[in-house]
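For reference, the structure is listed below as C-alpha cells.
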C-alpha cells in the first residue's frame, strides 16, 4: 500500500523531521485559503497521486499568485494526471497539496528498503538527489552509499555520521542528518514500511536539511496491525481489477500483453510468465489464485482476466499439491460456462489426479485446449493469442 506525499510528510512531522508547512486541499477555494494560512509570497502546489514524474506532466507549480493556485486546482481536481509512471489513463487527482516554497542550494537522496538478500532494512544515501535512484544505480553506482540496520541493535548514530561524511555535510548538517536518519529508521520499523524515499532531501540556502518530498510504501501483509496507516489508504489510486481481485484473495497485477495467465502459486506464476515471454508471447497479467482454487475463485479470476480487452487467449497453469487437479478441472469448466469465455483457453495440469483432471476437461465438450507440458502450453497459448 502506498501513501500520498502529504500523508508521508504528516508522518515525518510526527517524528520531528523538517518538512514544509502545507495543507492538502479538496477544492480550489481551500487551496487559496491554505496559501493565506501559510503566508509568504511564494507557494508550491502539487497534485497528489501515487506516481512520480508529476512535475514534467504539469502536476507541480511554483507561484506567487493565489489566483494561479485557484486555476491550478480547478484544472486538476477531478481529472487524471498522466506521467511516465502511470498507464495511459493516468491516476485521479482528488487532493492538491499547497506548501510554502523552499529555497534550494543542493539536492540529496535518502531512502530505505527491506533488502531480501541481507534480510535487513538498508538505508541508501546519495549526492545525486532529484534524480531517479534506479538511474543512479545503473550509471554511477559508486555514488550510492549504504547503511545496513541490525534488527537487534537498531539504527545507530554512527551510521548516520558515516553516511553524512560521504555526502559532504558540515558539522551542523551532520547533526540534522543524524536526527533525520534516526527518525526515519524508527518510523520504518514502527509502521512496517516496505519502501521509504526522500527525493530530494535538500540543503536550503540557509544551510539546513529539509525533507522536500516523501514517498512511502507499506508492507500490505502488516496492515492488520497498522490501523492508523491502513486508514490512509486511497482506493481511487488502485487499479480497479487489482482491487476487485483482492476482495477474493487473488493476487493480480495488470500488465500490457495479450495472454491472460491464471496460476496457483506466485513462483509458478512468475515462471509461467517467463515461458510465455520465451515463446514470443506477452503476459497480460500476473494472477495467483493461491492454494484454495475453488470454482468461485476460478470464476472470479476469469472475470478479472477477461475484463482486460487486450486478452486474446488464457493460459491456466495449475500444479495440484493439496488441491486435486480433477477438482480444479471441474472449477475451470464451471467458470468457463458461467463467465461465457469467448477466447481460447489452454490448460496445463500437473500433480495430484492430473490425468483424471485432463479426462474431465476432455469430456466437458467445451473448447478447452489441454496441454501436455508447460512448454506445450506456452506454445499453444501464444499461437492462440495470435489467431493461429
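One is the number of the first residue shown, and numbering goes on along the chain from there.
Here the Cβ of each residue, glycine as well, is placed from N, Cα and C on the backbone.
As annotated by Swiss-Prot, domain 'ATP-grasp' applies to 9-244, with the evidence given as sequence analysis. Feature annotation from Swiss-Prot assigns ATP binding site to 46, 53, 54, 55, 99, 102, 107; the stated evidence is sequence analysis. What Swiss-Prot lists as Mg(2+) binding site is 199, 213, and the listing cites sequence analysis. As annotated by Swiss-Prot, substrate binding site applies to 264, 321, 322, 323.
Positions of Swiss-Prot features highlighted on the structure.
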residue: 46; record: ATP binding site; DSSP class: strand
residue: 53; record: ATP binding site; DSSP class: coil
residue: 99; record: ATP binding site; DSSP class: strand
residue: 107; record: ATP binding site; DSSP class: strand
residue: 264; record: substrate binding site; DSSP class: coil
residue: 321; record: substrate binding site; DSSP class: coil
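Listed in sequence order, 20, 44, 202, 204, 210, 212 are the same-chain residues six or more apart from residue 102 (ATP binding site) with CB atoms under 8 A from its CB.
According to its DSSP assignment, residue 213 (Mg(2+) binding site) is coil. Of all the binding-site residues in the record (46, 53, 99, 199), the one with the smallest CA separation from residue 264 (substrate binding site) is 53.
Across the structure, residue 323 (substrate binding site) and residue 53 (ATP binding site) place their CA atoms 44 angstrom apart.
Using a 10 Å Cβ-Cβ cutoff, residue 53 (ATP binding site) registers 16 neighbours. For the pair residue 53 (ATP binding site) and residue 199 (Mg(2+) binding site), the Cα-Cα distance reads 12 Å.
Within 10 Å of its Cβ, the residue among the binding-site residues 46, 54 with the fewest other Cβ atoms is 54. Distance between Cα atoms for residue 321 (substrate binding site) and residue 46 (ATP binding site): 50 Å, as a whole number. Across the residues of the domain 'ATP-grasp' (9-244), the predicted structure has a mean pLDDT of 94. Summarising the environment of residue 321 (substrate binding site), the number of other Cβ atoms within 10 Å of its Cβ, over all protein chains shown, is 13. Taking a C-beta cut-off of under 8 angstroms and a sequence separation of 6 or more, residue 199 (Mg(2+) binding site) has the following same-chain neighbours: 109, 110, 111, 129, 130, 131, 133, 213, 215.
Take the Cα of residue 322 (substrate binding site) and measure to each of the binding-site residues 46, 54, 55, 99: the nearest one is 54.
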